[in-house]
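The active site, proton donor/acceptor feature in Swiss-Prot is assigned to D102, K197. According to Swiss-Prot, the active site, schiff-base intermediate with acetaldehyde annotation covers K165.
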Amino acid sequence: MTDLKKAAQRAIELMDLTTLNDDDTDQKVIDLCHKAKTPAGNTAAICIYPRFIPIARKTLDEIGAEDIQIATVTNFPHGNDDIAIAVLETRAAVAYGADEVDVVFPYRALMEGNETVGFELVKACKEACGEVLLKVIIESGVLADPALIRRASELSIDAGADFIKTSTGKVPVNATLEAAEIMLTVISEKNTQVGFKPAGGVRDAAQAAEFLGVAERILGADWVSPRTFRFGASSLLNSLLHTLELADAPKPTQGY
């Protein structure tokens, strides 16, 4: 197997296959569940809006893919600074049956100099999660400044995040190698049990390999696993399957 094919295979096993569109329906989520059970093995998770968790759970059970985790989003996509609402949404997501919650850090508040609300919001949402995995989206493409990307990562980890994630996929700049370098460095300094999720903008096996390479350089080859590394993506899967010669070439897309 070539290095590119190895990267494609790994990326599928590390993927949160995502649909977070305004026009999502039960049928689209059912289709997503079927896609997540790929000819190259199952993706790590699917990521969907909370209201679709019950139909996703039912579908995954029906197709014998119970090992695929169900992730959802809260305080999404704008990262508002109302802690009470973020906590209510997170509790509701857990009640719906989410295995993982991706919450948006109040990044605009941080840009305005308020570090406290981000820390407190993540801490409160982690408490609301209990045993459910908490990923914190810092929206690195909007933060832009390396010092802010670093600070959002530090605050999230200090507040109890299980993962730090680059992006919502709803802004012009999503996952970049520069942001990955900063965020993974913070993980190496703070707590190597914390995971990393580049989301949006990873289009093919070659790009996936670049992100995996940064993680391995900073944290070691043994660090990368579904417990510590995920790709948030929708259009990436078809490209990876094409690399593995298991699907036709993907059509050009503007998607996540």
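Cβ from N, Cα, C; glycine included.
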Can you tell me how many other Cβ atoms are located within 10 Å of the Cβ belonging to K197 (active site, proton donor/acceptor)?
26
Rounded Cα distance in angstrom between K165 (active site, schiff-base intermediate with acetaldehyde) and K197 (active site, proton donor/acceptor) is 4
Taking just the CA atoms, what is the gap between K197 (active site, proton donor/acceptor) and D102 (active site, proton donor/acceptor) in Å?
10
Residues near D102 (active site, proton donor/acceptor) in space but at least six apart in sequence (CB under 8 A)
C47, A71, T72, V73, T74, F76, K135, V136, I137, K165, K197, G232
